[in-house]
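Only one structure is covered here, and it is reproduced in the block below.
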Amino acid sequence: MASTASFMLAVLLAVAVAAAPARAVRCPPSDKQALMRVKQSLGNPATLSTWSLASADCCEWDHVRCDEAGRVNNVFIDGANDVRGQIPSAVAGLTALMSLSLFRLPGLSGPIPACLTALSNLQFLTISHTNVSGVIPDSLARIRSLDSVDLSHNSLTGPIPNSFSDLPNLRSLDLRSNKLTGCIPAGLVQGQFRSLILSYNQLTGPIPRDDAQDEINTVDLSHNRLTGDASFLFAAGRPIGKVDLSWNDLDFDLSKLVFPPELTYLDLSHNRIRGTVPRSLAALSTLQTLDLSYNRLCGPLPRLHGVIRHGCKPYEHNQCAGGAPLGGCHQS
């Protein structure tokens, strides 16, 4: 009887094991080999010392994260002075990668490789504070899953690819502090964007107009050579919180603008903006930073606490043309 029970128990255990799904292998050989090639291409830096064939599970390595299936889905290398060379083409072998961050790597140089398009699951791409140079490859727009792209503080040149406007999931684009030239592509200041930062470049021409109701919250186009009208950015219904258009050559009438109630930061200084300071600006209780200096604004200032509470500096050096000088600012 006992032997029969033992036999039945053994059978049940065997069936249970056979029916159980096979456990995913953490860090498959293809991922490990790709990481080792990346390390070699970057000069075998001490920063990546844990990347070793002696360690079976690359999911435990520094600067690496894996998903539930055991695939490498996040590589982040930052603040390393011993990383040298170009962005390795071997990165393309990490086919499950969702996030790639190469940040504060002064020894990283060369172009952005077109092979990144093989990363069809990539959502977050950061290549920032490096010496990466050359043009932004148009092929990046083939990565349809991209949600956030940060290519700031590099030495990138040439235009912003028009194809960036067609990325269906892109919510944040940061290209500040490069050497980019040309116009802002039509459709980039619109739609699904929540944050668009293109400051400290050499961009020219008008800001492409779009009157769609969108979710954009942050626009920083400062320190470029942009011209024309930017008043449409403040259209009714836009939940915009931060706008920095300073140090351009923008020319539009400020008088009748109605600013969104969510606005917390507004810098329009060093342009050719004209008109008067609208009363709607004085009503913004959330506004923390304001600068309208070095324009062509005329007076008087609205006699409301919401304007004067920022002090007089935000209104300095306005050369009014054809009207009363901008005055009436007296701090108590």
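A Cβ is built for glycine as well, from the same backbone N, Cα and C atoms used for every other residue.
Per Swiss-Prot, the residue from Cys58, Cys59 that shares a disulphide bond with Cys66 is Cys59. The disulfide entry in Swiss-Prot for Cys58 points, among Cys27, Cys115, to Cys27. Within the group of disulfide-bonded residues (Cys27, Cys58, Cys59, Cys312), the Cβ with the highest number of other Cβ atoms inside 10 Å belongs to Cys58.
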